[in-house]
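Everything below concerns the one structure shown next.
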Amino acid sequence: ACRGGAMAESPGALRRAGNEEFRRGQYGPAAALYTRALALLEASGTGGPGGGRPEGGRTPVEPLCRLCPGAGDAAAEERSVLLANRAACHLKDGACSLCVADCSRLPKASSSLALNLSRDGASTASLGSLLCVCWHPSFLSRCWLRARNEFSVSSRMTKALLEKDGTNWRQKLPAIPSVPVSAQMRWSVPSAAAPGANTPPATAPRGEPGENQAAAGTERARTLKEEGNELVKKGNHKKAVEKYSESLKLNQECATYTNRALCYLALKQYKEAVQDCTEALRLDPKNVKALYRRAQALKELKDYKSSIADIKSLLKTEPKNTAALRLLQELNRA
């Protein structure tokens with residue numbers, strides 16, 4: 001067994017852990033793991049063409065998609081797999097710009113696809129001249145089909161409106177509705193520095209002031225959490241912690257605690273990760289992510305007994321959770 005977190009610092013191990021998160025539908029955490037693996041490759045000087053071989057010279061295995069034969073140097077191949085896998089995460093999360101950015105970093109050695117949508121009546125300039133370059137044709141097909149379908153819907157709607165109302169169809173569209181009060185108050189969370197600066201608009205319906213402030217706080221907390229999620233996908237865990245912390249000041253939510261715990265794990269702040277998972281379990285005693293991430297943190301803190309207890313509690317809810325079963329095996333060997 002690898003002790004002291006040595007396995008966690010291997011690009012191959014991080015990639016395999018990312019693959020497991022991807023299969024479970026946890027695309028944000030998977031992208032974060034791939035980002036850490038890429039950072040390790042670059043730091044060791046093996047992340048580019050001509051670099052050394054990762055994992056002690058062993059050829060990487062278990063990519064999400066099979067690479068074409070003759071992919072070249074193992075280190076470059078490892079980097080390509082990580083970029084393609086992270087791009088797949090971004091695609092699943094709808095972060096098309098990040099997906100394209102990762103695809104564009106791949107070597108132009110196997111397959112390429114230009115997303116030319118002019119035949120669908122859309123402007124390629126509006127897409128920023130998107131160019132996906134990827135190792136695997138099936139991945140390119142998913143990118144192409146997704147973009148094509150989105151613009152096909154827009155084209156069909158435009159065609160239907162032209163047939164119904166003619167070339168002046170835009171003038172016949174209904175008026176844009178007024179902005180809801182909840183949206184107006186989105187950035188109007190009262191603060192001690194400006195107690196009267198965020199008075200609700202005059203058009204707001206009458207009601208209890210406390211209710212309006214609570215709704216605004218909840219909405220702001222949700223926005224901050226989403227901003228933190230985007231930072232995690234980019235690998236900026238330190239900044240994500242700040243966003244999650246601001247969100248938790250407004251609304252204590254289980255998912256926000258588990259997300260911040262994930263960041264603390266990436267930053268090797270294991271005690272803080274344990275505390276956040278404990279808070280999450282206070283809100284949801286059977287939360288799988290909280291149990292798993294606390295077990296990971298406790299393992300790094302050498303508290304194997306408590307870590308095993310958390311994994312066993314998790315397996316009562318999800319007996320076939322492969323990530324938990326694998327961690328339990330590692331703990332039993334520790």
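Yeah, the Cβs are placed from backbone N, Cα and C, and that goes for glycine too.
Annotation source TrEMBL lists region 'Disordered' at 191-221.
TrEMBL lists 191-205 with the feature compositional bias 'Low complexity'.
With a threshold of 8 Å between CB atoms, the same-chain residues lying at least 6 positions outside the repeat 'TPR' (254-287) that come near it are 29, 32, 36, 221, 225, 228-229, 232, 237-238, 240-241, 244-245, 247-248, 293-294, 296-298, 300-301, 313, 317. Under the heading repeat 'TPR', TrEMBL lists 254-287.
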Composition by DSSP (helix, strand, coil) of residues within the repeat 'TPR' (254-287): 27 helix, 0 strand, 7 coil
